[in-house]
Every structure is written in structure tokens, then in C-alpha cells.
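Undergrad: Pulled these from TrEMBL:
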- A:14-31: transmembrane segment (TRANSMEM)
- A:38-59: transmembrane segment (TRANSMEM)
- A:65-85: transmembrane segment (TRANSMEM)
- A:92-110: transmembrane segment (TRANSMEM)
- A:154-175: transmembrane segment (TRANSMEM)
- A:207-228: transmembrane segment (TRANSMEM)
- A:234-251: transmembrane segment (TRANSMEM)
- A:258-277: transmembrane segment (TRANSMEM)
- A:297-313: transmembrane segment (TRANSMEM)
């Protein structure tokens, strides 16, 4: 058992690109769920259209790179409008069911054999990230003692964490504006807001679109970092991981999703490394109880348990305020 | 595109060399597979173009892609003999897809031919060959009528199985208001329990009724599971006054927890029950002219009897009436002296048992897998939303419609590889035009 190894794996993930993607997705979810009280279970769909917006316009339609970036911001916006119009007037669980269904429909379509020419099927698309890689100003990687990042990773991380910081500033500024106060009051009591003459539907739609676009940024970042898009990345599990990160950090807090995402990946990678060292040959857990393959599964069992316990005993997460969580609505 | 119709009969020979020793090597096309590797062997022949001896000519240079659960597992190109050997990593169910663009000039698949086939890579010793065609069966062109009958049969079986799970969901949603995202895992629970007890019974003296016994035990355990869940978790949460959204997120945690717990103990491979799985379809007068496997007839019978039983129970019995009362208005029911909590516990028990039964039947018809519930959950949600969330009769109607749409969709242009999207799109559309569902009432909306 090598504690340093576990720590290294955990830190590498906690500061790495995965944490950035889920931080962005969770910031979007925070606007939906934390501030407005919208139960969006299809954040993976927004992330996916962000990624595919870039990839499809550049690879399939041969558009220039900057247009791809624009498309990757426009696509989540369009998705938000399409989803919002029918469902935002309905009860929270309807929105949840429709968004999760829409995200799955998108993933099926992106991965389908029949539309391989446009979306690349289950292999996805690649070959669109060259301008991003060429813009890399670093000449070498960085070694921080315990962990190290290569040249390309360092460039992705710089861009990614700047994106996260910008989004945080945006959310902070918006949520202390009058607009943000209306969102919070919609979460608390929709009818009261309506009786004050506010157009609740329009506010919800704006929140859904803004959160979706931030989620789409996460998709764009993932696509640029991996230099490819693959449909299996955008399963419903992505949404639930983002939810777990948000709940861990604390909903309705500006830094909640970011800290949550860092902690989430720290724990997932740390547990993964811990159990893979413990099981199998040379580990202290006999293989009758746990084999190598089982060791790779156990962190997800812990994750499921953690989501349940967190929601039951501390729904506000680490930094949140219990009075600010939209969990009592119908 | 008007085609010169050369019919390609594509006989695929899945020759499964087994024994997984070490790593099976990278998935690539090699004419000679590494010994001991698991591989799918595909042979392509042009049935419309025979040589002097009457043997169909091989087709070379065609790209075939093998995928599992939607993810690519390997690729190969047919050689001069029309043979491609594609190495795969593990046993299980694979889909072989033919890339039509790589077919030689002048050869096209005829219009009713699908470019996909499913291969079961089983552990059955070397050189065990299974021949199956892609699309056209040997010398016989499939037509719309035949496909319709075939898909209708699959659709009815699926719809009835779905109906049981949908009823379970609806009972729980109706009495508690909870959209239970762990419902798919309750279905998986029934299936894996049936498989586990089948493993225990199949070697003993009870081998002849192994699946039957295992099924009964699984259903009982499903009911018990519902009871335990309600007593240990949902009941205390209700009494604490936890909101519905919080409970919904708890159910997601539970779903992830259970799903990976199943994977921990059962792995990610696909398994079959020991009996009934290989039954041939036969035509009998009592199947009303359809050709059914006995297994399918039994599934249909069990489902229909159970559904009628549950409906009668809900309509006539004391507890059934109480359940509908709670479903309509919990506060009113409580103030009229009903013990709402015990009614809800009953709903969890019945719901759990119905869903486990659905899992057992699903396992009989298809196979057992740790992730089966996750895949079917959204279809269940689509079915109950279509019928009207929380209405019992709505769940019946919705499941029948969605089950048929699921299987019949491919006949009307829904791509086969993504037939799940038919039900999901219907659900989104129904929420757009009639959010309360077919049989729901308006006041249920927020």
C-alpha cells in the first residue's frame, strides 16, 4: 500500500480536466437547481450538444474553428428553448423526466449507426482541435513534486480553470443582481413571484438557457481537451456525477459546485486507487472477497451510498445553507 | 436510389473459438486469429451470383464492425474467401454491422435487408458454428407482413412485461408521489435473484422446475425488498417531512448503489436461465395461428392473469380501495381514518413484487444483466407518463402503447439500433400536448 500513490492519483484527478468538465456542468446545474429550483436531470444532454456543436460544425460541415466555438454556445441555447417551452410550466418531476429522456435521445442519435455520416457513430468525431493545440504557449510541462502535467494538459488546465473562474464571477455577479433575486424567489415561492407581476416562465427559461450554456462550455472544453467527441461520455451518469459534485459542495453557493467537483474527483480517484492497491495480488483484501474487477466497481457503490446519505443527512452539502435548498417543492 | 437488385445473402458464420486465456489481443482483422482467442467469424456470400458449381461467390473487401452495448469492440475486412475474423475481448452479445459503402460495385443489399445481425458469443467449445443470415433468410425474401407479425409478437410480449413494471411504478408513485429512479434496479433485482436461485436448483432434484421455483422466490424477495425499503428508508424519510425532490435524488443514489452492487456480485456479462431459453417457435391452434415458443405463451399468460388480478384487487378489495383513496388525496384519506402509512407499505410490497415478476419474465424472454434495469427505466417512465403519472389504468394503456411502439418502430423508419428513442419522443410530445397523459386528470399538474 503506497499512500503517496493514492494521493497522487487523487490529486491528479482533482485538479485535472475531469474536475473542470464537471465543475462547469455543476455550475450550470447550480443555476438550474440551486438558484431557480429547476430539476434538470439532462445536463449531460447540454454538455453533449456543446461538444457536438463544435465537432459537427468543424468536421462534418467544414466550418472554421471560431464558428465551431460559436455553434457550441448556440446549440445548448437552442436545446434549452426546445426543452423549456413544453416543460417549464409543469411540475418539477415532469421537467426531470423530460430532460433525462431528451439527454438519452440525443446520446442515442449521436451514437447511431444510421447517422454515422453526421455524428460519427459510436466512434465519435475527431480532428477539430488543431487550432486549440496550436495556440499552446507552453514549451514544456510542469512538475509539482507529487503530481505533474504534460505540455498539452497544462494548456488545457489553464484554459479550463480560467473558464471556471469566469463562470463563477458571472454567477456571483448575476445572483446579487435584481435578476438573481427573482430567480431565488421563484425557487422559494413561484406563486408569490407571479402575483408580483413577474413573468416566471421567462425567468425560468433564461435560467435554463444560461445554465445549459455553461454546461455546454464544459462539453466544449472536454471536446478540445480530448480532441475528440464520443457519445458514451455523455450518459445519464454524467448528469448524476455533476449532481453529486454540486450536492457535495453545496447548492446555491457560488463556489459550491467547484469545490464539490474537486472533492468529488479527489474521492473517486483516491478510492479507486486505494481499492485497486488493496485487492488483487499483493493487496490485503483476499481475492475471495474482492477481485481486481470488483475493486474497480466499489467506488461507484460508495458514490451511490454517499449521494443517499448526503441528501438525507446534509442536503446543504459542505458550504450550503439548508434554508436555501429547493428540496421541499412538489 | 434505384438499385439493381443483386441480393446479397450474407451468411454469417459465428465460429466461436473459446477459452479466454490472458489478453485476447487487439481487436483487428487477421485471417488467422491468435489461438485461444474469442472471435467472431463472418462469411459474406452473394446468393444472387453463383459460380458453375452453384456455390455463391464470396464477397471480399467489405468492412464489418462489431459492437457491444453501443460501443465499438472491433472491426474487420473480408478477405478473398469472403471471410473476416474479428477478435473480441469477452463473451456476450455482439452486434455485427456491415458498412454498405464498402460493398463492391453493382452489389447492394436489397431493400428489406438489414445491415446488422446479433451474435451471441457463448462459452461452448471450439468450432461451434452458428449460421445466421443478415436480413434475408436463405432464399426467402422477408416482407413487411412477416416483419409485422414478428415485431408484433415481440411487441406484445415486451408490452406485457413492461406493464407489470409500470403498474409497480404507478402504485408507488400514486401513493407516495415519488418518481422512483431506482425502479429499474428493482426489476434487475428480480432477474438476478431468479438467476441465482436457478443456479442453485438446476443441479439438484428440483432441476425440472428450477426456473419456476426460482421465479417464485424472486418475486417473493422483490416484495420483501419493497417492504424493507419502505420500513428502513422511505418511511422514516416521510415522517421527517423530507421533500419529494430530495427523495427523488435519494432514489438516484439508491439506483447507482444497487446497480453497481449487482455488478460487484454478478459482473457485467450477460447470463441466461437454465431452462426455456432455447425453445423453438411452434404453431398450434391454441396460439390463434401465431407461432410462439411455449415460453412466450407462458409469459403472456402469467402477465395477463397477474394484471387482471391486480386490477380486480384494486377495484374490489378493501386495501385496493384504500390505495386508490390515498392515491387520490392522502390528506382526505388520512382524515377519514385510513392508516396512510400502512397503505403505502402495502403499495411498496405489491409494487416491488410486480416489478420483480417483470424482471423474471424479462430474464426468461431475453437475458440477465446488471444493467438491464437502467436501460428499461426510461421506457417505463415513458409508459407511465403517456398513460398519466400515478393512474393505475393509465399505466396499463401507456405500457401497451409504448411496448408496441418500441418493437414496431423499426418497421416505420425508426433506426433499429436506437429503437429506444421512439418511446422517449412520444413521451416528450405527449407532455407537450396533453401533460396529464391519456387517462390523467388535469389537477395532477403543478
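Placement of Cβ uses the backbone N, Cα and C atoms for every residue, glycine included.
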Undergrad: Any residues 6+ beyond the ends of the transmembrane segment (A:38-59) with a Cβ under 8 Å from its own?
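TA: Answer is 21, 25, 28-29, 32, 65, 67-69, 71-76, 78-80, 83, 88, 92-93, 95-104, 106-107, 110, 118-120, 124-128, 204, 207-208, 211-213, 215-220, 222-224, 228-229, 231, 233-239, 242-243.
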Undergrad: Within this structure, do the transmembrane segment (A:92-110) and the transmembrane segment (A:154-175) have 3 or more Cβ pairs under 8 angstroms, counting pairs 6 or more apart in sequence?
TA: no
Undergrad: Out of A:65-85, A:92-110, A:207-228, A:234-251, A:258-277, which stretch touches the transmembrane segment (A:297-313) the most, going by CB pairs under 8 Å?
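TA: Answer, by Cβ pair count: A:234-251.
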Undergrad: Given a Cβ distance threshold of under 8 angstroms, which distant residues of the chain, six or more beyond its ends, lie next to the transmembrane segment (A:258-277)?
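TA: Tertiary neighbours of the transmembrane segment (A:258-277) are 1-2, 5-7, 9-16, 18-20, 22-23, 26-27, 164, 168, 241-242, 244-250, 283, 290, 292, 295-296, 298-299, 302-303, 317-319.
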Undergrad: Name the range, of those listed as A:14-31, A:65-85, A:92-110, that has the largest tally of Cβ pairs under 8 Å with the transmembrane segment (A:207-228).
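TA: Per the Cβ count, the answer is A:14-31.
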Undergrad: Do the transmembrane segment (A:14-31) and the transmembrane segment (A:92-110) come together with 3 or more C-beta pairs under 8 Å, pairs six or more apart in sequence?
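TA: No, since the transmembrane segment (A:14-31) and the transmembrane segment (A:92-110) share fewer than 3 Cβ pairs closer than 8 Å, they do not count as touching.
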Undergrad: Which sequence-distant residues neighbour the transmembrane segment (A:65-85)? Criterion: at least 6 residues beyond either end, Cβ under 8 Å.
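TA: Here the qualifying positions are 42, 45-46, 49-58, 98-99, 102, 106, 128, 130-132, 204-205, 208-209, 212-213, 215-217, 219-220, 223.
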Undergrad: Which residues of the same chain, at least 6 past either end of the transmembrane segment (A:234-251), have a Cβ under 8 Å from a Cβ in it?
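TA: Beyond its ends, the transmembrane segment (A:234-251) has Cβ neighbours at 22-23, 25-26, 29-30, 33-34, 40-45, 47-48, 51, 100, 103-104, 106-107, 110, 219, 257-261, 263-264, 303, 306-307, 310-311, 315-321, 324-326.
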